[in-house]
Every structure is written in C-alpha cells, then in structure tokens.
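Database features, via TrEMBL:
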{"type": "REGION", "residues": "131-165", "note": "region 'Disordered'"}
{"type": "DOMAIN", "residues": "183-283", "note": "domain 'tRNA/rRNA methyltransferase SpoU type'"}
{"type": "REGION", "residues": "348-381", "note": "region 'Disordered'"}
{"type": "COMPBIAS", "residues": "351-368", "note": "compositional bias 'Basic residues'"}
{"type": "COMPBIAS", "residues": "372-381", "note": "compositional bias 'Low complexity'"}
Amino acid sequence: AGSIHEHGFRLNPCCSQLLWRMRGCLALPCIAGALLAPTPRVTTTLRQSQAAPERFERADDAERLAKRIETVLARRTSRLIVVLERLVDGHNYSAIFRTCEALGVQHVWVVAPPPGAARFESRSSLRRKAKAERARQYAANDANRRADDQPVRAGSRKDRRRRKAADAWTADDALDAEHAVHGRGAARFLSVRDFASHAEVIAAVRAVPRCELWCSDLGQDASVLADGAPWLRGPLPHRVALVFGTESTGVSNDLLAACDRRVYVPQHGFADSLNVGVAAALATSHVLKLVGGGGDLVEATDWVPEAPDELRSKWAGVLCRDEAQLAAIRAAAGDVAVLDDLRRAPEFRGHTGRPTKLTRRAEFRKRRALEGSSGSSSASS
C-alpha cells in the first residue's frame, strides 16, 4: 500500500482493511520462498585490499622480498589439489605448473611422470633432438667411409634418411628451452608429489580429510563448470582433487571409475576438446571459486609434505641472491605486513636494454652448438 501511495494511487478503505487482515497469509509465500531458496555458493572473490590496492611493492624497500613471500603465503590454498595423469608433453607440464603457481594452488600431484628433465621438454623438442642425434651418427659414418666405398645413391632409402635427419628445424630450440625454464621456475614454489600408479594416487586422495576426487571428462554425464548450474545447489566438498588426463585419451578408466564427480568446461564450437594446459587453467580457476580458499595452508601431515614455515624458508632460498640477503629475509619472515597487490614495481618491469638471463642462455647454447658443429666438420676434414 505504501508503494502504491508513493506512486500517486489511492486505495479504497475496504481494500486497505482487507489487505491488513491478510498480511499474515501474504507473508507466507515470502517466508517459504526464503526457506526454499538455494544456499549461496562459497566463492573466491577479490580481497578488499586487492579491489582497491594501496600497499604495493617498492624497489627501495629493504623488506621487499620478505613482504612478497608473506603475501604469497597468505594467498596460497590447500583446498584444491591438481592431479596430472600420464601427461607426455613438457609444454603442458610447464603451462599447468605456471597456472597453479599464479592462481595460488600449492599442491600438484603427478601420476607416472616422464623421467628426469624430460618432464619439461615438448615432444617436438624431443623429436628434434632425436633427429640431430641421427644426423650426427650419419655424419660420423660418412666421415669413416673410404675413398673406394660406394657412395650413397641419390633417392635411395639411406639418402632419404640422411636428408630427413638433416631437416631438423633448430630455430625453436631456444623457445622450447625458455618454456622449460619457466616451468621449472614455477615448480620450485609448489609442493609436487609423484605417484607411480593410479592406485597410489587414489589411496592418497582418500587419505586427505574431507576431500573428493573430481575428474575432467567430456562424457555426457559430466557436470558442467558454469555459474548457475543446478548441481551447484547441493553441498560442495571442503577440498577437491581435480584430475586432468593425458593429451590423447584423457583421464584413465581407473580414475574415472573411482572419482566422486566428473566435470567439464563448457564449449560452444565444433572442436570437442581443449589443450590440456588450457582446460586446466579454465577448470582450476572455476573450481577455486567454488571451494574458496586462500591462506588456509595446513601444517605438515601425511599428505602435506611442507608446512607453511618450511615453504617460507624454501622460497627465501630461491629468491635471495646471497647469504646476507637470505639471513635478512628469514629474520623478517612473519613480522612484515603483507602487500595489497603482487604486481611488481615499475623499476623491475622496464627493459634496460640488456639481454635477459634467458636470452643469454639461449645465445650461449647456440654458440656451443655452432662450436660443436665446426669442430666435428674440421675433424672430419
């Protein structure tokens, strides 16, 4: 009635009295609607300090690195565990490690990883290395040929093998090496665990308190990761282990059979799949909104290999340049104010004209390769 009066209408006195008597009945649908309304989801939003940041990193601040460590530690979460199953391309490992580090996911578990440094090498890089090795073998064989030996006939199988081995495009080696460096750099700040089999990782997930196993899957019975999806009206787990499978076939049947839920990223095109690195970035970002988290790292247990204090010390060892700086960072750890935003100071973002460390490394590898090829050619001559 009040709103009607505000808009210039007048009610008949009898209607006003009737509405007053029915006020209890009219309120019942509102009360029922409020009781039956879906429970709002727990979502991760920007912190108030991030929405309007004031405390930024300063280049002249002696406690700059200590503040950065405390800020990252305050935003790390153990609510989400990213599980990578049988990935074979080092580019995807590097991309997912960098995504997890940037989004604040601390725990990454890997099932049946490639051995050693091959974890960060792309398949194209491995193929180029194999071609280069075959080319060196063919060159050595040709160098040992005697003058009276029959030459390799043009167009023969041997000739085709030699030309194919020599046709190795090496210009991308520096880019692959740079990508691998970034992946290894991100892994230094994460807690990475390797598992030999599906059974081991399933048992490890079941040992984590209040944790569900979710698998990325494109099957029609998978739950869509989108705001407003009906399945989100139900209760969500406190913690999620999210599995991404190999590039060719996805998550294995063993893990799909053991998982609590299958999820997928909605798509709107003819392609029915995404690169696993891209899918991991999209799905991880959305699941983090669902489970929340940030500043909830737990102490070392059976499933947590590193406590927050250990992470603080490890990160200090990675970031410092000498023992004096390391001692200063560890002395200030825990007693400095966190930053509102992690964007670096302008002094560290401007290009000085000097080549970066990655560029210098790539140039060094290129010179070493040239020196090796010239040495082998001179030896053969």
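Using the three backbone atoms N, Cα and C, a Cβ is placed for every residue, glycine included.
Taking DSSP states H, G and I as helix and E and B as strand, the domain 'tRNA/rRNA methyltransferase SpoU type' (183-283) has 32 helix, 25 strand, 44 coil. In the region 'Disordered' (131-165), helix, strand and coil residues by DSSP number 22 helix, 0 strand, 13 coil. The predicted model assigns the domain 'tRNA/rRNA methyltransferase SpoU type' (183-283) a mean pLDDT of 93.
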